[in-house]
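Structure record follows, encoded as structure tokens.
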Amino acid sequence: MQIDALKILFAQSGLKFTNQRYLVYKAMVEARDHPSAETVWRRVRESAPAISLDTVYRTLASLEARGLVTRVPGGAEESRFDGDASPHHHLVCLQCGGIEDFVMLGAGLADLPPEVAAWGRVRDAQVLVRGVCRRCLGL
């Protein structure tokens with residue numbers, strides 16, 4: 001994503017554009033491994049050595065609150081994050097903590113039952129499948 005487009009996206013989301021927010025968001029959009037905050041911090045430190053882990057946590061929380069990244073509940077103790085905004089869902093291995101994306105038709109906002117719409121305003125919907133992956137099963 002180009003910086004000008006990102007500045008507009010941040011402004012529309014009520015976020016001030018800063019270099020640190022840019023670097024954290026860029027790391028999230030480029031990541032395909034659903035990194036933890038600590039992993040994002042290590043990656044961002046390569047180009048911004050002075051960034052603190054606390055700044056990364058606060059930035060991820062701000063991005064999550066605005067729907068720009070998603071927290072993925074996993075099998076491991078630490079939170080993992082997803083910067084992929086395309087509609088998709090997650091497979092979580094309860095043994096190794098691995099997270100994989102999958103797409104499932106008929107599992108989007110338009111497919112939710114009427115009582116969900118009556119509940120209030122829904123920002124997003126995800127399917128989370130937990131189990132043990134083939135690698136951990138030895139298959």
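Just so you know, glycine gets a Cβ as well, placed from its N, Cα and C.
TrEMBL entries are annotated by machine, without manual review.
Sequence annotations record features per position, and here TrEMBL assigns Zn(2+) binding site to Cys93, Cys96, Cys133, Cys136.
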Which of the listed binding-site residues (Cys93, Cys136) has the least company, meaning the fewest other Cβ atoms within 10 Å of its Cβ?
Cys136
Which entry in the list of binding-site residues, Cys96, Cys133, has its Cβ near the fewest other Cβ atoms, using 10 Å as the limit?
Cys96
